Amino acid sequence: MFSLRNLPSLAPFVSAYASLTGYVMMIKPFLEMTIPPPLQNYMISYLNSFLHSTPSTLTLIIDDHIKNGMYNELYGAAQVYISTKVNHNAERLRISRDRSEKNVNIHFSVGEVVSDIYQGIEVKWRFCVDSNKSNMVHYFGEHFKLNPDRECVELSFEKKHTELVLNSYIPYVESKAKVINNERKILKMYSYCCMYLKWQSVNLEHPSTFDTMAMNEELKRSVMGDLDRFIRRKDFYKRVGKPWKRGYLLYGPPGTGKTSLVAAIANYLKFDIYDLQLASVREDADLRRLLLGTTNSSILLVEDIDCAVDLHTRLQPKTQDDTKGSSMLTLSGLLTCIDGLWSSCGDERIVIFTTTHKERLDPALLRPGRMDMHIHMGHCCFDVFKTLASNYLGLSHDDPHHLYPEIERLIKGEVLTPAQVAEELMKNEDPDVALEGLVKVLKRKRLELEKYDGETGRGGLRKPELQFFL
């Protein structure tokens with residue numbers, strides 16, 4: 001049983017304290033007389049700093065976006081890099097897997113701390129989210145969240161290693177992230193989210209490539225050669241004083257492969273696509289903010305620009321009805337973003353416009369420097385048909401089918417688009433049956449066109465037009 005008698009006596013401690021106090025009182029006058037006051041103050045200050053030492057840790061905050069709205073690519077590199085640093089001490093992790101991915105993607109949860117060792121020093125990463133709860137704005141009769149929750153990562157380390165971290169470790173993280181991205185590159189398709197005024201992405205899984213692309217072989221080689229020159233000429237663009245970007249105009253009737261060519265370019269270059277719907281952009285300032293949010297090595301796509309918004313020509317006077325629309329986006333604002341000073345805010349970018357009616361576009365949109373290459377996507381010719389037959393029916397170019405000569409004769413002119421030919425080839429897996437069906441369709445279509453030409457005085461079928469401008 002516990003008893004107070006078992007407690008040690010306090011008498012020795014009291015005696016020692018009394019003796020120590022007596023010695024201090026005796027020494028104090030001697031120290032005050034022999035030690036100068038400035039030295040006394042220095043010793044007291046040093047003792048206080050020792051007892052109340054300031055933290056020796058520095059924390060760098062890496063936000064997902066910079067204040068001007070541009071995406072912080074250092075944040076993306078940090079996310080990729082620390083995702084490879086999973087350890088057994090982690091308490092919470094976020095995992096995901098898209099249907100096109102084989103492996104599970106691991107992301108750190110909010111507040112999770114990850115340690116890393118670099119050249120013998122320890123650094124710590126921490127994922128954070130800054131929630132903006134009261135940042136709603138009234139915008140053109142609708143409510144939007146001006147700034148969604150801001151994500152950031154914190155990098156902490158001892159202050160004495162600041163120079164090593166800034167000049168060596170962070171470039172190391174960026175280079176490692178680039179290697180990782182190249183190894184597991186998953187293309188993204190970005191679209192504009194009006195609710196948050198920012199880009200949101202999904203995985204781009206379009207199978208179109210230049211190998212399977214049904215288009216004129218000469219035109220295909222020209223496009224690929226132009227892309228290759230663009231990628232390797234970074235120093236050239238810098239030397240001549242031009243932004244490192246390239247513009248392509250794809251025009252032609254529906255079903256001629258304009259969208260497939262965009263996907264083939266993205267797969268060829270491993271570039272993400274930013275699908276810009278001009279009708280959802282309210283004003284020029286929003287367009288600039290969106291372009292600042294795009295990354296380098298990407299494609300800015302504007303499909304059907306002739307009917308997206310009223311950008312046909314600046315020479316037409318504006319009527320009262322033109323000013324009643326909700327969009328105040330102007331042609332001059334668009335031109336400034338794709339070719340003005342704002343176009344220099346980024347490197348290795350491609351701008352692609354598609355249209356069905358090239359003649360409706362303002363000439364200012366079409367000049368070199370904005371649209372450097374005009375690619376006419378026309379009706380199906382015999383070379384395009386052979387590519388489609390190889391893709392859909394497995395027919396070889398070296399062993400042509402007996403119906404090829406008749407198809408070559410019937411397909412001349414503006415008869416069918418590649419999409420219409422592909423639809424006919426998909427109706428049957430037997431090459432004989434599929435090609436016989438295509439021959440019937442071609443004969444019927446030619447009769448319709450010849451009748452139409454006779455009524456309109458066109459004077460027969462026109463030869464397929466191939467326009468290619470550099």
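Here the Cβ of each residue, glycine as well, is placed from N, Cα and C on the backbone.
Lys258 (ATP binding site) falls within a helical segment according to DSSP. The ATP binding site annotation in Swiss-Prot covers Gly252, Pro253, Pro254, Gly255, Thr256, Gly257, Lys258, Thr259 and rests on sequence analysis.
Summarising the annotation, Swiss-Prot assigns signal peptide to 1-18.
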Env. residues of ATP site, Cβ within 8 Å of mean position of Gly252, Pro253, Pro254, Gly255, Thr256, Gly257, Lys258, Thr259 Cβ:
Thr356, Met377, Thr417, Pro418, Ala419
Pick the one among the binding-site residues Gly252, Pro253, Gly257 whose Cβ has the fewest other Cβ atoms within 10 Å in this structure.
Pro253
Just to confirm: which same-chain residues, 6+ apart in sequence, have a Cβ under 8 Å from the Cβ of Pro254 (ATP binding site)?
Thr356, Thr417, Ala419
Long-range neighbours only, meaning 6 or more apart in sequence with Cβ under 8 Å: which ones does Lys258 (ATP binding site) have?
Leu250, Tyr251, Gly252, Glu303, Thr354, Met377
Out of Thr256, Thr259, which of these binding-site residues shows the lowest number of other CB atoms within 10 Å of its CB?
Thr259
Give the sequence-ordered list of residues that share a chain with Gly255 (ATP binding site), lie 6 or more positions from it, and have CB atoms under 8 Å from its CB.
Thr417, Pro418, Ala419, Gln420
